[in-house]
Amino acid sequence: MALNSSSVVMKLALFSSPDTASVDSITLFVLLLCACVLIGHLLEKSRWMTESVVAIIIGLFTGTIILMTTKGRSSHILVFDEELFFIYLLPPIIFNAGFQVKKKQFFRNFLAIILYGVVGSLISFLIVSLGSLQLFKSLDLDLMGLGDYFALGAVFSATDSVCTLQVLNQEETPLLYSLVFGEGVVNDATSVVLFNAIQKFDLSHITSANVLQFIGNFFYLFLASTFLGVVVGLLSAYVIKKLYIGRHSTDREIALMILMAYMSYMLAELLDLSGILTVFFCGIVMSHYTWHNVTENSRITSRHAFATFSFVSEIFIFLYVGMDALDMEKWKYASDSPWTLFGACGILLCLVLLGRAAFVFPLSFIANLFRKSKADKIAFKQQVVIWWAGLMRGAVSIALAYNKFTRKGHTQLQGNAIMITSTITVVLLTNVVGGLLTKPLIRSLLDPHKNGGDSVASDSFSSKTLPLLANGQGSESNIDTGNPIDSSQVVHHYWRRFDDSFMRPMFGGRGFVPVVPGSPEEGSSLH
């Protein structure tokens, strides 16, 4: 993904003077971001509205006003470029997801997460691709090639973990949160890898050798991207542990953490790997090692800084999605055949529902075969919640659709316009309706206070006192290795022995931080 100046600059769609336009538009957009934060806070106790839904509604409202004031010329303040999303907005969200992850819960459910995130995404991809290929024929939508249908499958196989995690509560439903969270990140990476692989795949000459090469490249991207993220994370831990920069400046060690995390993403993009997977595993490694090597002040500051960057990026994306939903350029070309547009939206929505159901329930059954304890098994009601929560589509789908069906945010082809408007419609419906109904659905199907099926609840961390520090302080202090029958506990046991014997002495971590007299770590590094 090349970084050129045109993808970085946000262009104005309203005013004539470029300099004045940039200042005015960015100022208005910042005001809208502030409004999203304030209104989201006021509506938080309702347990219905989430920040993402609030941002979409504010974006729709603002887009309507701009549309009226410009007499139908535009609904935008800024013109969106999908490269801006992938290079600047997505990395903070994915990195923070890895950095804040409850590692014990994530790796305990790793098999189920991989089944949902990789195998499930492939199943959904095939259903959406082949289903649209057959059903779109009835709409007379013959402006698309075979590659477009497979790209469409990759676009709609990407779930929106951001919106889903805003509705689930980690303390009430820890097992569900862990599964949906892990699937969301792995699913996004799988979708992007699929999308990029399809762009390079020659669909005009499909042979068994090409298919095997495609599968090999797919797994190579996964493994290489994960390895790169782990290497960069370990490098940051080693450098900060050896130099102990915090003795002189906490600003420098926080800056080094941020820059090395961002470097992992950009290095993956430079090497044509998956930046999402790389920065996610870099976040996990940095939270396990690097974070414990910095001073106490830097720990608190870095966690809040990463969470803030992620939060603002999420709100920015959903605010723009709401405004872009009223873009007249796309709707003008799509409105030439309104029944085709409605049909495409309906078909895609049905395929998303079907594709989700086609893998959640069968793969849950397979995952349960490896769960010896009845309390650890994924109950049917929990599977229904996982199916529903993963129906939401969001920023990754929007960005991939823009990448495939527009040029610099614009399109004048009817088929492409229909695909863009259909994607926006599905994203709006699944986020607004799904976001509003997920919490009531969880309350009706599950009783978190009586639910014995969420066995991970007993492992919840002391986040009520330090919510953003729970991952660092308590995530590894209560690993249960007493039941040799549970393979996940056996893996934890041997991993802890290897980690304590080899990894932590070299890369640092909790209990292996060098103590400098007078430093904030002196009293706590040996806990």
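Counting begins at 1 with the first residue displayed.
Any Cβ shown, glycine's included, is placed from N, Cα and C.
Unlike curated entries, TrEMBL annotations are predicted automatically.
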Quick test of your reading of TrEMBL: among 151-174, 175-198, where does it put transmembrane segment?
175-198
Can the transmembrane segment (84-101) be said to touch the transmembrane segment (218-240) if we require at least 3 CB pairs below 8 Å and skip pairs under 6 apart in sequence?
no
Using a Cβ distance cut-off of under 8 Å, indicate which of 52-72, 218-240, 384-405, 417-437 has the most pairs with the transmembrane segment (175-198).
384-405
Cβ pairs under 8 Å with the transmembrane segment (52-72): which stretch of 274-291, 303-321, 341-363 has the most?
303-321
